[in-house]
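Working notes for the structure below.
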Amino acid sequence: MERSLRVAVAMSGGVDSLRAAILLKEQGNDVFGVHMRHVPPSRTGRWCAGAMIREKEAFLCELGLRFGFPIAVVDLRDAFESHVIEPFMEAYLLGQTPNPCIFCNPAVKFGFLMEKARALGAERFATGHYARVSPPGPTSRRFRLLRGSDLSKDQSYFLYGLSQDQLASTLFPLGSTRKRDVSAWAGQLGIASLFPGESQEICFVPAGKYHEFLTERLDTLHAPAEGPILDLEGRELGRHKGIFAYTIGQRRGLGIASSAPLYVVGLEPAANAVRVGRVGDLDRDRLEVGRVNWVSIPAPNVPVRCRVRIRNQHAPAAAVVTPVGERSASVRFEAPQRAVTPGQSAVFYDGDVVLGGGTISK
């Protein structure tokens with residue numbers, strides 16, 4: 001029988017992290033929760049009322065009392081500001097569409113929060129992610145990151161930036177669990193109503209306030225606002241309200257008339273221009289990535305045949321990834337892919353194994 005471990009569980013306030021904590025406790029582990037206070041001090045008054053923050057933290061503490069484990073609140077607002085929100089805004093200035101979870105996981109959640117958990121005596125750090133970790137074995141000397149068994153909920157895409165040290169300390173109790181089973185568990189306990197439906201919003205931006213948040217933040221960075229909407233021949237078709245309000249593949253909200261549907265095919269920060277074209281102009285068979293992290297294998301020095309996802313809901317597509325220096329790579333797909341978006345991540349897979357990934361630069 002394996003010995004009991006002292007395990008810290010990152011508690012977001014959702015049902016998945018609670019279920020992860022309960023599973024670990026049922027296995028005989030000494031479990032405690034850690035909740036990350038992350039709304040930056042400069043934003044608390046306007047974007048997330050202090051009362052709302054206190055209400056969420058009180059809710060988490062009540063959950064801990066009900067299910068028999070303590071929960072510590074860790075103030076990481078400054079770290080979240082510098083490691084997540086600032087690079088998030090900088091990416092928009094570059095005409096990119098960033099994913100803040102990609103910044104947060106390696107630096108803050110599995111970085112600062114994991115270190116705080118260790119300082120509180122944790123031997124392992126767990127989250128409610130639907131992903132798996134495979135320990136070193138006969139075929140690999142490294143910890144490997146794997147897709148979650150429930151592929152409809154798999155969250156491995158957001159975790160490719162983790163290090164070997166982080167993987168070695170991490171547990172994913174829901175890795176082999178189906179989301180519907182977690183929902184059924186909550187229903188059986190009569191607590192499903194405590195957890196609202198999953199939000200697709202960014203965690204530090206209130207629902208419906210995305211454009212307002214970006215506008216205020218970018219105003220402080222003196223980002224240019226209005227500019228031209230151009231077709232592929234350079235003709236001006238209209239005016240945009242700031243390139244940060246657009247993303248590759250967008251069709252709605254362009255405010256221009258055309259005999260055929262037009263889509264955003266490029267964002268050009270140097271010219272402060274939005275470029276539009278027909279749907280076929282969105283198809284590309286190659287891209288380049290930077291800030292590459294090879295999570296499950298040593299960094300290769302030869303091309304790698306694998307499958308690549310260019311967004312979380314994208315079906316992995318056959319491609320060849322060619323390393324370029326230490327932290328960059330080029331990707332060539334067997335078939336063109338639609339709406340390759342700079343700022344999003346390209347994540348490399350060999351079956352269920354996450355080989356690595358990086359940020360799409362162009």
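Glycine residues also receive a Cβ, built from the backbone N, Cα and C atoms like all the rest.
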Gly111, Gly121, Gly128, Gly137: which one does Swiss-Prot list with Ala10, Met11, Ser12, Gly13, Gly14, Val15, Asp16, Ser17, Met36 for the ATP site?
Gly128
Give the maximum pairwise CA distance in Å, whole number, for the residues Ala10, Met11, Ser12, Gly13, Gly14, Val15, Asp16, Ser17, Met36, Gly128 listed as binding ATP.
16
Between Cys203 (active site, cysteine persulfide intermediate) and Asp16 (ATP binding site): CA-CA distance (Å):
16
Near Gln344 (site 'Interaction with tRNA'), which recorded positions out of Ala10, Ser12, Gly14, Met36, Cys104, Cys203 have their CA within 10 Å?
none
Determine, using Cα-Cα distances only, which of these recorded positions is closest to Ala10 (ATP binding site): Cys104, His129, Cys203.
His129
Cys203 (active site, cysteine persulfide intermediate) to Ser12 (ATP binding site) - Cα separation in whole Å:
10
State the Cα to Cα distance, in Å, between His129 (site 'Interaction with tRNA') and Met36 (ATP binding site), rounded to an integer.
16
Non-local Cβ contacts of Cys104 (active site, nucleophile) (under 8 Å, 6 or more apart, same chain)?
Phe80, His83, Val84
